[in-house]
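Listed in TrEMBL:
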- 126-136: compositional bias 'Low complexity' (COMPBIAS)
- 137-154: compositional bias 'Basic residues' (COMPBIAS)
- 155-165: compositional bias 'Basic and acidic residues' (COMPBIAS)
- 174-188: compositional bias 'Low complexity' (COMPBIAS)
- 185-249: domain 'S-layer protein C-terminal' (DOMAIN)
- 251-309: domain 'S-layer protein C-terminal' (DOMAIN)
- 1-24: signal peptide (SIGNAL)
Amino acid sequence: MKLSHKLVLVSAAVLMGVSPVVGMANSASVQAAPIAHAKGVHNTYGKNSRVKMTKTMKCVDRYGKKTSMPALKGGHYTIWNVKNINGEVYYSIQTDLKYWIPAAATEGTVTYKSGNTTYTLRSNGKKVVTSTSTAKSTKKSAKKTTKKVVKKTAKKSESKKDSKKTTTKKSASKKTASSKKTTSKNTTSNTIKLIHNAYVYDENGKRIKKYEGKAKLTKGTEIDVYGTMTIKGKKYYQLDEEGTAFVKAGNIDKPTIITLKKNAYIYNGEGKTKKKLVKKGKTVKTTETRYIGTKLYYKIGDDQFVKAANVGKVKGTELDPVNEPDGAATVEVPDTEDVNSTKVTTKRVVSLYDIKGQKYADRIFDAGVSQQVSELRYIATSVNSTPQLFFKLASGRGYLKYDDVTMDGKILNPVNTPEQAKADVTVATAADKAKLTQSINEAASVKASEFYKLSSSSAKAAYDKAITDGAIVSNNASATIGQVNEAEGAIVAAKAKLNGAKIAVANFNSLTPDEVTAIVKAAANANNVPESAIQFSNNNTTLSIVTNGYTQPLNINDYAVQNSAINR
């Protein structure tokens, strides 16, 4: 659908009943009408929506209650969802909707789409200014006054309440009619169609016996959805604004299409292949993303997967992985064997453990699964227990018992003694946390550095996660010495992998194609946008981000340096 490029700019403070703030005077048609953000949860454009915290504060949960999770000043966060909490706009920093930060305490740009309208929120640490780009078919609706919008919203609410009192047949009929009405009037839900019969689940993933008088929703039914939510590793669509009813994403007629950028082998669920190829340029439908061992795959059929590394263009719904990575999630493991690495293979179905020797409730490995490991250590469950040997996964995501696996490759010696393992069980003091605290405190300066900004997105994400996890441990009064040391080690390791650097060029006035490509990649990494959004102009002397009709100038000197030694 062709979009008109009319922008409606207002302050997000409208959500709190404050008069809108109008900006960007260069827009030909600026209209001071309030923008009604949804009460439900909106999906953003994921990696393209990223902000920086302007103050340190505690995150809140989806109901506005403070959590123990800190959001650090200077910290960079990818925003996955937008929600109105107690009259203010909040951003979700995780796909599971567990932690939220106030938009007004951030700097950056967040974009989401509702119906035919794209919302762009720009924050400067004090206020949030929102612009919208609306489809032509909804142009008339977008010009309605605040009073009319409020009245029509109220009428819709009354209609929904009345519909629940009618028979099942009438309820379904009214729901379908309401869906069509919602789409045309730019409210916050989208209308989608079920391709299978679907059960309805609550926010904990438990099946609801009856939803609006029905045991299940039938194939072909059109329903309103208010964004998505990941529950126990699976993606669901939200059916109501309150977030109490969901259907599994697999039942929705909204396919994701991938295009192969390389010839790709087809693998089974165990990561094995018979060397059957999907050729470069082929487009196929995918239903999920899943980690098999250390690598991320797209599912393209029954027990058929292709490596995500071989996928180029992705069209449609962004698919969150249905499981946790069992190995190094952010590093592509080479197909060739590394003689200096150590791998273990499970003897049977086994559990994964944490640094305290406690089983993870939902993480197990089948028999015969191979994993790369980085160390062998003793772990004790208490000061009086007998320490046992565990292998640490190279990803740092947990431990496997020595007796549960067989080992191949480089022989590892324990990094500690049984006595040290017992000492690690004791509760950490402030002195024990000193190094961890120092590493957390330097995060702001690290993130302001060149080697962080110009590092790959995966390296930055790994460092951000290590800092976030470390802050949780640091703020936990009952954290053990072992947990503190593990968190500190994770930060040190993640920091060591930050290797961003400016691109050395011979002459800024005569860039080579390779230099242009390298600068584009560096700028995309630094700004967390696709490389396609970075554009050169004026004979490769002007650099900018161009996305959704918005142009942001960039300084080439932030991403490249002229090497006088080779500039002749």
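In case you wondered, yes, glycine gets a Cβ from its N, Cα and C as well.
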Taking helix as H, G and I and strand as E and B in DSSP, count the residues of the domain 'S-layer protein C-terminal' (185-249) in helix, strand and coil.
1 helix, 27 strand, 37 coil
Taking DSSP H, G, I as helix and E, B as strand, the domain 'S-layer protein C-terminal' (251-309) contains 3 helix, 36 strand, 20 coil
Please give the average pLDDT for the domain 'S-layer protein C-terminal' (251-309) in this predicted model.
86
